[in-house]
Amino acid sequence: MDSWCGRLITSVFILPFTAGNYRRRQNGFWYYDCSISFRVLFLGFLAIIIVFSATNTIYDGANVRLGVVLLLLSVLMLGGVSVCLILVCLAQLRGLQCIVATRRYTHTTKLQVCFLWIFGLASILYSTLLIGKLIECSGNTTAGLYWNSIICFNCLLVVCFISEIIFITYFSESKLKHSTLANYSMLLLLAANTCVQLYVSIIGDAFTTFIEINKENATNWCLERNSTMTVLIEKSRSILAPTFMEFFLLSSTMILDIWSPSNESSHENETRHSEMNGIQDSERTSLLPHTSAIEPDYSGNGSRRMLCQMITIVVSLLTGFGMVIFYVAMAMNVGNIQTLHFLAEFYELILKVLMTIATFLGFFCLVNYCTPDRSPKRFKSRENVYLLSVFGLMMLHICKVIQGDVTSYLDSKILLYTNIISIFQDYLQVVFLLHANRCKKSDPRSRIVLLESVLLFIMINNFVLWINDTFLLSQYPITRVMAQERFSTGLLRLGYTVLLPVSVFYRFTSFLQYYATFRDYTS
């Protein structure tokens, strides 16, 4: 995709969702390994599951929220089953040597496999009993999203149990190579296990939850009726239900043993291979100085560069502090609070849209004017802490999305749209920052004014949002939108005593990290 249109498509539809280390296949094809985008997507996925499941006591829209959770889990499990089949098929077609690095022999492996089969078969039996009860009561319901999702989820759960047991048994005495396919196969399986564990822990009994949120007397009567399936489920619940957690914990442990992500030898070999490829590529390049045909050299035009930065600073301050003015008015109790909430949310919606557009422009600059580092880079400790703060911020946004969905205030729909866009904007912002730190300018002498302006715009607006969250939203409860009548005291305390400080940390860290990246690209 060397054309302008191809670079545009790459920067909008490909790079934001495949960002990561730049690797080379054996056929010479270069690709992004999704190591950045996968992590951020998984955190967003996990935040949706936790918040949607934890708000099952808010009955308005609970049928849709829990149905969405089950559908997301079903997609994740289906992906895990698919990658298991792909790895097994590759092993059958090309031999184990193409996937397996070494064989391992431990005294506990066979015993672990035996218990894995016991826990797995017990879990399959319990899921089968649940499916039987659901089918028995299917004629008494209008088949809402949650009901259909429960059936789909439990059916896929049985398939996932069987596939995972066979997969782990097949590779139980092996250590897999650290190929991209194996790495993401194991990550997908662990992600599915983690999400299902959390869901089972949070939601509890699916039938009881359905009865609480459902108003169909016929369906509730069928679920509570002492039929044969009900008796079997009740009698076996105390024995079979705990095996869910046992199976997932044991299977996750064995997956980590098979995968061995702490093994660095393959990573180092791949790094050396990438470095050798980089040396070979450099030997093929011309010895003449390289100049960019797309971006001219602005080193002799410092006034234009300074003018662009000044305009960006002014625009950033105007867009950011306009929202702060409305929050200050709310904190001082000036005017109608509900109207001020509406204006503040509307202004924030515009700000988040502008930040989203700016981030896409940043991706476009990375595709056009920068070169990704070809040596794989592991995540640093501070980057992992940064990702955890993103996770907390996404949970706070999702809570506000639910608030906007279940209330009928003037600003409820604006609140809903603002926080949906905020989740997407935060995802793009994090992926863009981490990927920009793994790139460098194609021509070190060039001045990429557009990229500098994008970094400056996002940096200043993060600083403004940090000021707003720290000194207004945290200190003045009147500026908050999550209402007591819809959210329990525990959820409100979680949102404003745990998630809001995490959001404050995220904003300040984003400001610092974007400043560091801005300095790197302007030096």
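Our numbering is plain: 1 for the first residue shown, then up by one each step along the chain.
Cβ atoms here come from the backbone N, Cα and C positions, even for glycine.
Copied over from TrEMBL:
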type	residues	note
TRANSMEM	30-54	transmembrane segment
TRANSMEM	66-93	transmembrane segment
TRANSMEM	114-135	transmembrane segment
TRANSMEM	147-169	transmembrane segment
TRANSMEM	307-329	transmembrane segment
TRANSMEM	349-371	transmembrane segment
TRANSMEM	383-403	transmembrane segment
TRANSMEM	415-436	transmembrane segment
TRANSMEM	448-467	transmembrane segment
TRANSMEM	487-509	transmembrane segment
Using a Cβ-Cβ cut-off of under 8 Å, list the residues of the same chain that are 6+ residues beyond the ends of the transmembrane segment (114-135) and lie near it.
147, 150-151, 154-155, 157-158, 161-162, 164-165, 168-169, 206-207, 223, 227, 229-230, 232-233, 236-237, 239-241, 243-244, 246-247, 250-251, 254
Same-chain residues at least 6 beyond the ends of the transmembrane segment (383-403) with a Cβ under 8 Å from one of its Cβ atoms are 39-40, 43-44, 46-48, 50-52, 55, 58, 61, 65, 412, 415-416, 418-420, 422-423, 426, 430, 434, 481-483, 486-487, 491, 495, 498-500, 502-503, 505-506, 509, 513
Distal contacts, the transmembrane segment (66-93) - CB-CB under 8 A, six or more residues away:
45, 48-49, 52-53, 56, 99-100, 144-146, 148-150, 152-153, 156-157, 159-160, 163-164, 166-167, 170-171, 181-182, 184-185, 188-189, 191-192, 195-196, 199, 203, 209, 213
So what's near the transmembrane segment (487-509) in sequence-distant terms, Cβ-Cβ under 8 Å and 6+ beyond its ends?
54-55, 57-58, 385-386, 388-390, 392-393, 395-396, 399, 403, 462-463, 465-466, 469-470, 473-474, 477, 480
